[in-house]
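The block underneath contains the structure these notes are about, expressed in structure tokens.
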Amino acid sequence: MNVCTFTLVLALVGSVSGQYYDYDAPLFMYGELSPNCAPECNCPHSYPTAMYCDDLKLKSVPMVPPGIKYLYLRNNQIDHIDEKAFENVTDLQWLILDHNLLENSKIKGKVFSKLKQLKKLHINYNNLTESVGPLPKSLQDLQLANNKISKLGSFDGLVNLTFIYLQHNQLKEEAVSASLKGLKSLEYLDLSFNQMSKLPAGLPTSLLTLYLDNNKITNIPDEYFNRFTGLQYLRLSHNELADSGVPGNSFNISSLLELDLSYNKLKSIPTVNENLENYYLEVNKLEKFDVKSFCKILGPLSYSKIKHLRLDGNPLTQSSLPPDMYECLRVANEITVN
């Protein structure tokens, strides 16, 4: 099947995607090493509160001297954390432990909750089977992706927690529903690549970004997303959604800017709000284009704000698109169709 892209105005240069959050190391120039540093690690003199211990084949957390606020321990062989590992640095703010061998049973006591200034805790790519805890109230960013997590502990009292990354785990909807409902500051939640067959109940209504792609979700409860009055980015691609499992106004959310429903089993285009800008519907079973899915009425001031629309990989063809589509989607930059 040949796929062609036709442009209504001008094709945007660059890719279109949702909101991703990139937390790189603090920016600085490497220079003379600080004397306040573990001998096997790197503490640049120009940024003396950061200690880099990446790629050293460490089997345990090294001695961390007082004054360190940003600690990087990526790509090692650390398989345990003693309860006293961070006693000298109770004002630690970032703790990055990605790509190690950590298991829950070998993370001792209240090693994290003692860090009263901790804002970022990253333990991606380890061997965790449940979430870690207890955690300090100061925590803003928790990343536990690419583990084997099937159980979430309590997140009670984490009033500042804003970002949670749980993709590529073994979570089912029951585990999620029981743990996250009290997080009133949560804005970003990634639950993609898990084992959910239903949408989890009780997710925080404060969410701006919600990723649920690559699960086994078959239906959406009526008015499920209406509670999320600020939701902007929603991904449900690579699930098992069919028309019978999607109530008529499931995605008619005025705040929504991007919706990804690609790689499902939809035969008709779900109705969306006129404020939506990016809509991904490729590789479904769409047979017709209904303008009313985008525009309830047409007029000089009534039109869709869609900029990018993907319809390729469906039975729908360019020749079957209705003429009034162009009036409804008048500000679109790019529409991709077979």
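Cβ atoms are placed via backbone N, Cα and C, with glycine included.
Among Ser179, Ser197, Ser255, Ser304, the residue that Swiss-Prot annotates as phosphoserine is Ser304. Non-local neighbourhood of Ser304 (phosphoserine): Glu274, Leu276, Phe294, Cys295, Cys328, Leu329, Arg330, Val331, Ala332, each in the same chain, at least six residues away, with C-beta under 8 Å from its C-beta.
Outside the repeat 'LRR 8' (230-250), and at least 6 residues removed from its termini, the chain residues within Cβ reach (under 8 Å) are 18-19, 192, 206-224, 256-268, 270-271, 280. Per-residue pLDDT, averaged over the repeat 'LRR 10' (277-296), rounds to 97. With a cut-off of 8 Å between Cβ atoms, the residues of this chain six or more beyond the repeat 'LRR 7' (206-227) that come close are 18-19, 167, 183-199, 233-242, 244-247, 249-251, 253, 260.
Listed as Cβ neighbours of the repeat 'LRR 10' (277-296) (distance under 8 Å, sequence separation of 6 or more from its ends, same chain) are residues 16, 18, 237, 257-271, 302-316, 320-322, 324-325, 328-329, 336.
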